[in-house]
Amino acid sequence: MPPADALPFPRDCCGGLSNLDYSKVDARAMARLFGYVDVTDVGFAAAVLSIAFNPLFWNVVARWEHKTRALSRAVGSPRAACYCLGTVILLLNCVRSHCFTEAMKSQPKLEGLDCRWAYFLGLAILAVGTLFVISSFLALGFIGTFLGDYFGILMEAKVTSFPFSVLDNPMYWGSTAVYLGWALMHASPAGLLLTAVVAISYTIAMLYEGPFTEEIYRRKQKAAKSK
């Protein structure tokens, strides 16, 4: 890891001395920033794997269930199967959050972010993200949140209330904001990089889930019209 004084960042973002000319921050500065992150660290690798694995897991399992109804038959009903998958997803998300936090703890802080203003900014972002996550869950319910439509449990109408009235996929972006705020609160370059991995993994998930879910409801509408 490079020494702290080798990085072109101010020592104190709360008013400490700094002669940094921000107009000259370039790719080399970013390279030095990423020099704070040891991507070969076992904890960091575990965090990346857990972040990438979770949406892959629930998409594969949910599509398998939609095609075969194997989980519903195994546990006796689509609703029970959805609750089982939702519980597993929640546990995996707890593992992901643990790995994320441990990866930040094992790597150095960025001194330029290690101040109260960055901390409170992170806290505010975390609070907004939490609001989006909780309000999304309340609007959709457990079944709607955890892929109930893949189990054949379809909603009567598209949810348009808050937070869906202000943002598409608020659960995903809210979760990303939670991780971003957590990383800022810890002044963690590793956390910021992992947050980018979260955003990328969710973006890929949305590209796959969106069209598939729309097709499910298109078929529902077509079936209703044919009656």
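Using the three backbone atoms N, Cα and C, a Cβ is placed for every residue, glycine included.
Other C-beta atoms found within 10 angstroms of the C-beta of GLU209 (S-adenosyl-L-methionine binding site) number 21, with every protein chain shown included. What TrEMBL lists as S-adenosyl-L-methionine binding site is ALA127, VAL128, GLY129, GLU209, GLY210.
Cβ atoms under 8 Å from those of the intramembrane segment (42-62) belong to residues 71, 85, 89, 92-93, 95-96, 99-100, 102-103, 105-107, 146-147, 150-151, 190, 194, 197-198, 201-202, 204-205, 208-209 of the same chain, restricted to positions at least 6 beyond its ends. Taken from TrEMBL, the feature intramembrane segment applies to 42-62.
Sequence annotations record features per position, and here TrEMBL assigns topological domain 'Lumenal' to 1-41 (among others). Residues belonging to the topological domain 'Lumenal' (1-41) score a mean pLDDT of 53 in the model.
When Cβ-Cβ distances below 8 Å are used as the criterion, the topological domain 'Lumenal' (63-74) is approached by residues 80-81, 84-85, 150-152, 212, 216 of the same chain, each at least six residues removed from its ends. Summarising the annotation, TrEMBL assigns topological domain 'Lumenal' to 63-74 (among others).
Per TrEMBL, topological domain 'Cytoplasmic' is recorded for 96-122 (among others).
Under the heading topological domain 'Lumenal', TrEMBL lists 144-186 (among others).
Taken from TrEMBL, the feature topological domain 'Cytoplasmic' applies to 208-227 (among others).
Annotation comment: TrEMBL describes 33-58 (among others) as transmembrane segment.
For 117-147 (among others), the entry in TrEMBL reads transmembrane segment. For the transmembrane segment (117-147), same-chain residues at least 6 beyond its ends with a Cβ under 8 Å from one of its own Cβ atoms are 13-14, 58, 62, 79, 82-83, 85-86, 89, 153, 155, 159, 161-164, 167, 170-171, 173-187.
Outside the transmembrane segment (179-208), and at least 6 residues removed from its termini, the chain residues within Cβ reach (under 8 Å) are 33-34, 36-38, 44, 47-48, 51-52, 54-55, 59, 100-101, 103-111, 113-115, 118-119, 121-129, 169, 172-173. Feature annotation from TrEMBL assigns transmembrane segment to 179-208 (among others).
A simple Cβ count within 10 Å picks out one of the binding-site residues ALA127, VAL128 as the most packed, and that one is VAL128. When the neighbouring Cβ atoms lying within 10 Å are counted for each of the binding-site residues (GLY129, GLY210), the highest count belongs to GLY129.
DSSP labels the residues of the topological domain 'Lumenal' (63-74) in these numbers: 11 helix, 0 strand, 1 coil.
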